[in-house]
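S.K.: Straight from TrEMBL, here's the annotation block:
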- 1-19: signal peptide (SIGNAL)
- Cys26-Cys104: disulfide bond (DISULFID)
Amino acid sequence: MVQATPLLLVLLLALGAHGLQGTQQCKLTGQWKNDLGSNMTIYEVKETGDFSGTYLTAVSASPSIIKESPLLGFQHLPYLSQPTFGFTVNWTFSDSITVFTGQCFVDEHGKEILKTMWLLRSHAKNRGDDWKAT
């Protein structure tokens, strides 16, 4: 059982900044890698702010083979230069779901950085085990 504690993840854009001309803006679309080696791909952010993608975690307490898992999320609208967002990952190799919430920042060098917090919920066999499932 994974001990769920708030963890600050720093997700760095694997492909570099989206350009430094004019106002620096974070764009969630693209490939991201965190400090633990997990990889996330966010497809197009739609006009409504919703997006989808995939997440391949590098860490897991599950005995199963880690597999790429789908994610669904929203970016807060209107589009701001450093937007807030949230997404949910439905792990395909375990009985758990993780929600992430965060904000995209552009640092002084033009690098896009996602700062997030997450909460993982595993399946509990009964209500008495609820306390250790999140």
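Along the chain as shown, the residues are counted starting at 1.
Yeah, the Cβs are placed from backbone N, Cα and C, and that goes for glycine too.
TrEMBL entries are annotated by machine, without manual review.
Note that the coordinates shown come from a computational prediction; the quantities given were computed from them, not determined experimentally.
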S.K.: Using Cβ atoms only, which residues of the same chain lie under 8 Å from Cys26 (disulfide bond) while being at least 6 residues apart in sequence?
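M.R.: Correct list: Ser81, Gln82, Pro83, Cys104, Phe105, Val106, Glu112.
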S.K.: Applying a 10 Å Cβ distance cut-off over all chains shown, what neighbour count does Cys104 (disulfide bond) have?
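M.R.: For Cys104 (disulfide bond), the count of other Cβ atoms within 10 Å is 23.
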